[in-house]
Structures are given as C-alpha cells and as structure tokens.
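Take a look at the structure below.
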C-alpha cells in the first residue's frame, strides 16, 4: 500500500488510539507506528503476511490493551513482548508459532489469549503464571499431552479442540476457576480421561466429542452424576 494511505491511517490512530490495517498484504510490522507508542490502545494487523515483530519497537507500546495478528506468518515472538504490561487481549490465530518466549508469563494483565491454528507441540508452562487469564484458545495445534503444571492455570475457559492429545494429567481437576473444558477431536481413550474431572473439579461444561470412545460410555463413569449437577445448575443460572 502507498505511503500516503499509511500516513492517513497513522494520523487517524493518533486521534483514536486504534490502528487497524487488515487484508493489505503487509510483509512487515509498519515502522511508522513508532510515532504512536504512547498513543495506541489497539493494534489489529490481521490477514497480512507479517513474518516477525520488531523486538525494539513492539515492547514500547506500554499502553496497548489489544493486539491482533491473526492469519499472518509469524514463527516466533520476541522476548520484548513481555513489556506490554497493560495488554489484556492477544490474538495470534493461524500463524506458525512453535513455542512462546520464556518471558511470556510476565504479561500480567492478559485476560484473553487466542493461539488457535499454530504449531505448538506442548502446553507452554509460562501460561501458568498468568493470574488474570480468563479464556485461552489452543485449538488446532499439535499438543499431545497435558502436563501436571496445568493445575496452576487460572483460566475459566480452555479450548484444546483438534489437537493430538492422548494423555491428561489428573491435576487438571485442581484448576481453581476452570468451568469450560473443550477437548473435542483429540486422541483420547476413555481410560485416559481423569475421573476427577467429573467428580472433583469446578468444570460444568466438558466437551469431548470426536475422541476414541462413545459419549454414552462417559455417562457410565463414576462421578458423572456430580458433573451433571454442575452442568444443570449452570444452565439454570443462564436460562
């Protein structure tokens, strides 16, 4: 796109605090945004061809609350992303991320994280440090197992649909706020689903269709009645 068009977007963003430039074929993060590091609350550069984020620039958006880079070509995130201390929403669906920076747990204000359609092979342990995270979408990755560290997650909703999960730690039942757990279209045998999810957790919506067992078999497990009590109580609350 032309420089004059980009300038117009930058000028508008100076007034609104919102910079949105989607579907423009951008191959890099616009350097002109360095003029707006103290203005911007929202950046949306989805549906472009951006391969990397400039480390020195990205960490300067200290007032940023929402960052969306869905449908780009990102392979790594710079450590400097951890400087975004006010960031509440981070959306990076459909990129090529295999891991997250070790500093990721320092995004202390983060509430919503979307990483669907990447190449994560494991549940990143850094996510367990995010105390205010409410919703996390890790669907359509390559995660094979859920480790013990999952018990420290603070999320209310966890989407792990369409991974390759065949093992889940019993610690998932210890998540203090987890209400919605989505595990559809994975590789789970019924024997690998911790019974404590049904009997001893806060989970009131468990979605497990498309695994290696029939749903009616789930209803025969000990603890299913307790799960249904929670499910029904929640339904009534929102009816």
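Using the three backbone atoms N, Cα and C, a Cβ is placed for every residue, glycine included.
The model shown is predicted, which means the values in this text are computed figures rather than measured ones.
Look at Swiss-Prot and you will find 2 tagged as N-myristoyl glycine, backed by experimental evidence.
Outside the repeat 'LRR 1' (39-60) by six or more residues, the chain places 13-14, 17-31, 33, 66-84, 91 with a CB less than 8 A from a CB of the stretch. The repeat 'LRR 1' feature in Swiss-Prot is assigned to 39-60.
Residues or ranges marked as repeat 'LRR 2' in Swiss-Prot: 63-84. Outside the repeat 'LRR 2' (63-84), and at least 6 residues removed from its termini, the chain residues within Cβ reach (under 8 Å) are 38-56, 90-104, 106-107, 109, 114.
Look at Swiss-Prot and you will find 86-107 tagged as repeat 'LRR 3'. Each residue in the repeat 'LRR 3' (86-107) has a pLDDT score, and their mean in this model is 98.
Per Swiss-Prot, the feature repeat 'LRR 4' maps to 109-131. Within its own chain, the repeat 'LRR 4' (109-131) has Cβ neighbours under 8 Å at 65, 70, 85-103, 137-147, 149-150, 152-154, 159, counting only residues six or more beyond its boundaries.
Listed as Cβ neighbours of the repeat 'LRR 5' (132-153) (distance under 8 Å, sequence separation of 6 or more from its ends, same chain) are residues 93, 108-123, 125, 159-169, 171-175, 178, 182. According to Swiss-Prot, the repeat 'LRR 5' annotation covers 132-153.
What Swiss-Prot lists as repeat 'LRR 6' is 154-175.
Residues annotated as repeat 'LRR 7' in Swiss-Prot: 177-197. Among residues of the same chain six or more beyond the repeat 'LRR 7' (177-197), those with a C-beta under 8 A of the stretch's C-beta atoms are 139, 153-170, 203-213, 217-218, 221-223, 227, 234.
Beyond its flanks by at least six residues, the repeat 'LRR 8' (202-222) meets 161, 173, 175-190, 193, 195, 230-231, 233-234 of its own chain at Cβ-Cβ distances under 8 Å. The feature repeat 'LRR 8' is assigned by Swiss-Prot to 202-222.
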Same-chain residue ranges lying at least 6 outside the repeat 'LRR 6' (154-175) that approach it to Cβ under 8 Å:
116, 130-148, 181-189, 192-194, 196-197, 200-203, 207
